Ligand code: TRP
């Protein structure tokens, strides 16, 4: 039987932290063995946040290097830059023509971002391009975070609408939500999700140097008391550090509690810092060496774009025929 297809995109905006790693990248790396996978860097979506051009270019390349450093293997997965497969934009336009305005206006992410960046047409139409990114590969599943479920529902609705208007063309893909990792919270505010926009002391970037990691863990907010116990209600700080420890070491939280019974926060934190230094140093070294040779990095992305284009073009031929363009 042919492998099922998984598709997902990641926005190139700033530092990638351990929350992103545990919530998305690690899952992508696991999926590449089970599914036929298409993973792309959504540079066109990033434009809706008006980034500085030089910075954007750098972030696109850095993100590609980071994905490869984390273990995405170009032999197993199709990794590319969204704008290198222009068919996404063509299908995005076509989907716009069947999307009710009200559906786009009620998207939570649009409302949030419109407050920050102003009501740009690109922000409003963000979900139709995302729907195109997905539907063009006819996937079975789309690994995403909770915040993207609404966009995925719209994608499914657009697939249904297109199919009923023009004949069966698209599959309705399912969201693949990652449930096994507790949400990683901010180090300086463990009541909110870890976030790169909250400032560098809130997160550990995958590319942080060892001493930076040690310092950030040392200064991470902990709770009054001295017991190392998982209790997110009353001990948000220690609970967050415990789940990070567990996710990176593979040890269960219960066994970590046992291991650190009677020990103080300082020892626990210094062990956690060393664990992170050790796990991240491998990724960091590989990342730096990939960035030393940008030419071969771009080559990997070009090969990815070519192979994605083949699949996308096949879908577009069918779409163009169905809607009467050819
Ligand atoms: N909107 C997604 C996010 O912010 C990124 C994205 C763009 C995406 N196109 C996609 C995710 C297609 C999955 C599939 O995370």
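Every residue, even glycine, has its Cβ placed from backbone N, Cα and C.
TrEMBL assigns the feature motif ''HIGH' region' to one of the listed ranges (12-20, 21-29), namely 12-20.
Looking at 193-197, 198-202, 203-207, the range tied to motif ''KMSKS' region' in TrEMBL is 193-197.
Listed in sequence order, the binding-site residues among 11, 13, 20, 184 whose CB lies under 6 angstroms from an atom of ligand 1 come out as 11.
The 10 Å shell around the Cβ of residue 20 (ATP binding site) contains 21 further Cβ atoms across the protein chains shown. Per-residue confidence over the motif ''HIGH' region' (12-20) averages 88 (mean pLDDT, predicted model). Long-range neighbours of the motif ''KMSKS' region' (193-197) within the same chain, counting only residues 6 or more positions beyond its ends whose Cβ lies under 8 Å from a Cβ of the stretch, are 13-19, 183-187, 203, 205. Annotation note: residue 133 (L-tryptophan binding site) sits in a helical segment as assigned by DSSP. Sequence-distant neighbours of residue 13 (ATP binding site): residues of the same chain at least 6 apart with a C-beta under 8 Å from its C-beta are 46, 49, 51, 59, 196.
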